[in-house]
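First comes the structure, then the notes that go with it.
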Amino acid sequence: MYTFKRYLTKTKDTLIRQFKAANAKKLIKIKYPILAVMGFFVLLIVFVLRDYFLKLGIGHSTSTGFITINVITNSGVGFSLFNQNPAVPYLLQSLLTIIFLITFIFSKNKALIVLLPLITFGGLANVIDRSVPVTLSNGTVETNSVLDYFQFFRSSAIFNFADICIVTGFALIFLTFVVDIFLDLKKKNKKTVSTTNKQLHGWKSIPLEERSKWNDWADHKCVFCNQQMMINSNEVICSNEECAYIDLINIAKPISVEKQENCLICNSEMIKKVDDKQASFLACSRFNEKCYYTKSCKQIENNA
C-alpha cells in the first residue's frame, strides 16, 4: 500500500512539473494562439466545404482525374470504419479529441504544438458534423452521420477534410519522432566518442600551467576513487590522474538509497559504487554524459 501511495505521489509530482514546464509564460504566448488559430481555420474549412457539398446534393459525383468528388453520408468514422455501430464513432472521435487536447496541454515540443491541433480539431469537426442532421433529397432526415466527399479513386474509401487533418497530423508526428530518434542517436554517438576520449585522459590531459585555473569543488569527491573533484567554470574533473571513472560507470549500477536521491540538475537517479554500503558519495547516473552532479556523505547527513 505504501509503495502504491509513493507511486501515486511521484506520478502526481511528475505531472505537475510537466504541466508547469509546458505552460511557462513564454510558451503559452505561442502555443495557445496556435491552438486557437489552427482550430478556427480547420473548423471553418470543414464546414464551408460541408455546406458547399450539401448544396451539390447527396449522391453528386464528378471526376477530375486524380480526385473524384462523391458526396455521401457516412455513419462510421474516418474512411467509413465502424459504420455498423452508431455508438462507436461518437465514442472514438470524442475520446480522440479529449486525449489529444490533454496531450497538447502537457506538451512543450514545438512540432507537437503545431500538429496536435490538426488531430484535435479534425476529431472535433467530425463530432460536430455528426451531431448536425442531414436532409436527403427525398426529404428524409439522417442523423449520426458525417458528410464525406473526397475520393482518390473510384474503388478507394471516401473521406472529408477533417479526416485529412487527422491523418496528416498522425503522419507528420510519426515522421517527426522518427527524425528526432535518428538525430538523437547520431548526436549521442558523436558525443560519446568525443567526450569519452576527453574524459579518459582526465587530469593528465591538463597542462601543469593550466591547472592553476582549477579550484577544489567543495564537499565534492569522485564517486569512484574518493579523490577531490576540481572545478573550472562549468567543467568538473577528478583530481586523481589515475582515475578512469568513465570506465567504472559500467560497474556503478543504479542502486536506490534511503529516500531515493535524484540529481538536482537533470533529475536522473543518483548512483553509488556497488561496494559503497554506506553511500559515502553519490553521483548522477548520467556521470558519463557530462552531468557531474555528486553528493557527499556530509550533504546526505544534512538532508536526513
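Note that Cβ sites are derived from N, Cα and C of the backbone, with glycine treated the same way.
Residues or ranges marked as transmembrane segment by Swiss-Prot on the basis of sequence analysis: 28-48, 86-106, 112-132, 163-183. Here Swiss-Prot flags ASP148, ASP163 as active site, drawing on sequence analysis.
DSSP assigns ASP163 (active site) to a helical segment in the three-state reduction. Under the DSSP three-state reduction, ASP148 (active site) is assigned to strand.
For ASP163 (active site), the count of additional Cβ atoms within 10 Å of its Cβ stands at 23 [all protein chains shown]. The CA atom of ASP163 (active site) is located 9 Å away from the CA atom of ASP148 (active site).
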